[in-house]
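Noted in Swiss-Prot for the protein shown:
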| type | residues | note |
| --- | --- | --- |
| BINDING | Cys21, Cys24, Cys39, Cys42 | Zn(2+) binding site |
Amino acid sequence: MGHANIWYSHPRRYGQGSRSCRACSNRHGLIRKYGLNICRQCFREYAHDIGFKKLD
């Protein structure tokens with residue numbers, strides 16, 4: 001059994017390791033509210049395109 005077979009072979013069905021950003025596949029700073037599943041960096045980039053408006 002080589003290294004490639006062992007690496008990342010554990011099932012990830014729940015927890016932080018199971019979810020990733022739909023834009024950049026990052027796993028940190030994920031916004032899951034409203035089913036966005038997008039990291040905070042990508043959210044700042046795509047918020048206007050999604051339909052979020054910044055209030056004064």
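From the backbone N, Cα and C atoms, a Cβ is placed for every residue, glycine too.
Mapped onto this structure are the features recorded in Swiss-Prot.
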residue	record	Cβ within 10 Å
Cys21	Zn(2+) binding site	20
Cys24	Zn(2+) binding site	12
Cys39	Zn(2+) binding site	21
Cys42	Zn(2+) binding site	18
Helix, strand or coil at Cys42 (Zn(2+) binding site) [DSSP, three-state]: helix
Listed in sequence order, residues not in Cys21, Cys24, Cys39, Cys42 with Cβ within 8 Å of the centre of the Zn(2+) site Cβ atoms: Ser20, Arg22, Ala23, Ser25, Asn26, Gly29, Leu30, Ile38, Arg40, Gln41, Phe43
